[in-house]
Amino acid sequence: MAEALPEAGRYFCHSCTAEIIPRLPEYTCPRCDSGFIEELPETRNSENNSSNNSGTDQNRPSFENLESAQFTLPSGYGQVTFGIFNEGLDFPIFGTSGPVEEPRDGESRREHQSRQRYGARQPRARLSTRRAAGRNEGVPTLEGIIQQLVNGIIAPTAMSNLGVGPWGVLHSNPMDYAWGANGLDTIITQLLNQFENTGPPPADTEKIQALPTIQITEEHVGSGLECPVCKEDYTVGESVRQLPCNHLFHNDCIIPWLEQHDTCPVCRKSLSGQNTATNPPGLTEMTFSSSSTSSSSSTSPTDENNAANNS
């Protein structure tokens, strides 16, 4: 009894890397005439698969005819179209892997691996405007992330509406991240700006004008005094301003500071007169004043009593 020719099934040519119908009875590739082909098992129930495919094909994007992807901008900006990436840059569809299939009845391990490798191939898209069937709702797609970034750059006020679209959500506002080479510098600048005008209030104009002006003497120069602001040494006969804490400053150095802060740049004491009787460290043995009466006021009560008894 003559043996009937087997029916040509689904085969995969490793030379052409494509699914083919082999040339019988040689079982060779009709394209390259190579015999390096592998049989792909048929599906268990073709009828069920045909009905399922008819329902899922409506939700599956056509990747072969996809030329561009349009993203809707905020109100008043229209739409923007992103072109196709390079052929070598393709992205798998998020969430289409599904659960791992178990080997079917009567199927060898090699046939199962072959079916997993070639029979269950999924299309790979460069950009898609439709949601793939069975995708996890919590996984954002590439076009969804681009859409949110476009919205955040053009209309930051519309970022409160993120998460209500069909593309999934990011974990937070994209504008809260450091984007680009200058992103970190921008964040540091914003943090530093938050500390502006958080110190003491400006000093009163009357108190600033009432600060005494004294002349630098050889005693000052010999002690190595310098302006704490500009770090320049004082010269004999130079006019400087003296704060209640006895610290000396150039007039052009201390006035702009006091117009913004009611404190001494060195000891942080205010001009209100609090704790101004105590000289700061380093000036305890040296008292600078604008009048000659300060030397007489330093006489102790004990010396006065001794002078009275001697008389």
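Every residue, even glycine, has its Cβ placed from backbone N, Cα and C.
As annotated in Swiss-Prot, zinc finger covers the listed stretch 13-32 rather than the other ranges in 13-32, 153-172, 173-192. Helix, strand and coil content of the zinc finger (13-32), in residues and according to DSSP, is 0 helix, 6 strand, 14 coil. Here the binding-site residues are Cys13, Cys16, and the one whose Cβ sees the fewest other Cβ atoms within 10 Å is Cys16. Neighbour density around each Cβ, counted as other Cβ atoms within 10 Å, peaks among the binding-site residues Cys29, Cys32 at Cys29. Sequence-ordered, the extra residues of this chain that approach the Zn(2+) site, with Cβ no more than 8 Å from the Cβ center of Cys13, Cys16, Cys29, Cys32, are His14, Ser15, Ala18, Ile20, Pro30, Arg31, Asp33, Ser34, Phe36, Ile37. Confidence across the zinc finger (227-268), taken as the mean pLDDT and rounded to a whole number, stands at 91.
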